[in-house]
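Shown next, in structure tokens, is the structure this report addresses.
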């Protein structure tokens, strides 16, 4: 592959990734508000808010089983189509069953996209352009998460909450149009039954060696569910933030994530365990800033940015842990299985938030988020200290 072809591949990956992640985050702060506008009950709101995570939880293991290098292209396009349909339904339908179903379909589409896209990237692992392509995709995620919430907030402020779902539908359509023709591979592979049993046994054996960190990882996803469902309502009611400011709060977190490139020379010298400790320490800044600062200010934005940097360091470190633990052939299956369990915890966090808000206070989910993150920090610090003991 020539340098020109390598550049073209990296640009195409960046464009597709930026379109998808901008679309998937544009409405991230407005699902709780949509549930309120539709006058959903506490139970209906819980199912609606957790719908995407539930869809991903139930379907991602299936995606890990059915997606292979030879068929990843068609499942990539299918995932985009699911996301497009979900956005259209939430924009124009107001029936409870339809909007909840749309959230579930959104989770299915995200499962197909994540597993198939990682598989497609792995197919290029032996090419000289792989590093550039991989970095382009990581950058596209940060850029999409940076501009998506801000654009969503601006559109909702000017055109109403429906715009938060029409805009992603347009971006998903554009992503389908710019997707290159993905020819399925015809290379021979292991039989599916042998492939599943081998990967499952290897995974179980390896997971036992990382039990403590995996516990923390699942708690992190529970906290993520609390935050995504609890912060928008708390921000509007307690902080009196406008729709634009709510969108900007998520944008500040994404902007903080881009600072990963600045701190990488330092964090790369740390062990994975110590990087996780640093990450969780920074993550605590988000809920603590939300609880302690009662109005929109640069200090609140800084707290969100610091938390966003913690998110980037955390997931980069955890993905490194998976890379060190599993072989390249195991990665799709591993992401499928872990995706199910972790997003089940995220769904639990999102589902419990309406009940915490209704029976305690609007700040209860944020307070629980902060307490659990501090607990994770103490757990990791104690584990690191034990490893240093003779």
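Heads up, the Cβ atoms here are built off N, Cα and C, so glycines get one too.
Per TrEMBL, transmembrane segment is recorded for 42-59 (among others).
Marked as transmembrane segment by TrEMBL: 80-105 (among others).
Under the heading transmembrane segment, TrEMBL lists 155-178 (among others).
Same-chain residues lying 6 or more positions outside the transmembrane segment (213-234) and placing a CB less than 8 Å from one of its CB atoms are 28-33, 36, 49-50, 53, 207, 246, 249, 273, 276, 280, 283, 286-287, 290, 314, 318, 321, 338, 341-343, 345-354, 356-357, 362-366, 368-369, 372-373, 375-376, 379-380. Taken from TrEMBL, the feature transmembrane segment applies to 213-234 (among others).
According to TrEMBL, the feature transmembrane segment maps to 246-263 (among others). Same-chain residues lying 6+ beyond the ends of the transmembrane segment (246-263) with a Cβ under 8 Å from its Cβ atoms: 25, 28-29, 142, 145-154, 156, 231-232, 235-236, 286, 300-302, 304-313, 316.
Feature annotation from TrEMBL assigns transmembrane segment to 275-293 (among others).
The feature transmembrane segment is assigned by TrEMBL to 299-321 (among others). Note on the transmembrane segment (299-321): residues 142, 210, 213, 217, 220, 239, 248-250, 252-260, 263, 267, 272, 275-276, 278-290, 293 of its chain, located 6 or more positions outside it, place their CB under 8 angstroms from a CB of the stretch.
Outside the transmembrane segment (333-352), and at least 6 residues removed from its termini, the chain residues within Cβ reach (under 8 Å) are 46-47, 49-50, 53-54, 56-58, 60-65, 107, 111, 114-115, 118, 195-196, 199-200, 203, 217-219, 221-229, 322, 326, 365. According to TrEMBL, the feature transmembrane segment maps to 333-352 (among others).
The transmembrane segment annotation in TrEMBL covers 364-385 (among others). Nonlocal intrachain contacts for the transmembrane segment (364-385), taken as residues 6+ away from its ends with a CB within less than 8 angstroms of a stretch CB, comprise 212-213, 215-216, 219-220, 222-223, 226-227, 229-231, 234, 273-274, 276-277, 280-281, 283-284, 287-288, 290-291, 352-353, 356-357.
Here the transmembrane segment (275-293) has Cβ contacts under 8 Å with residues 213, 216, 220, 227, 231, 234-235, 239, 253, 267, 299-300, 302-304, 306-311, 313-314, 316-318, 363, 366-367, 369-370, 373-374, 376-377, 380-381, 384 of the same chain, all six or more residues outside its ends.
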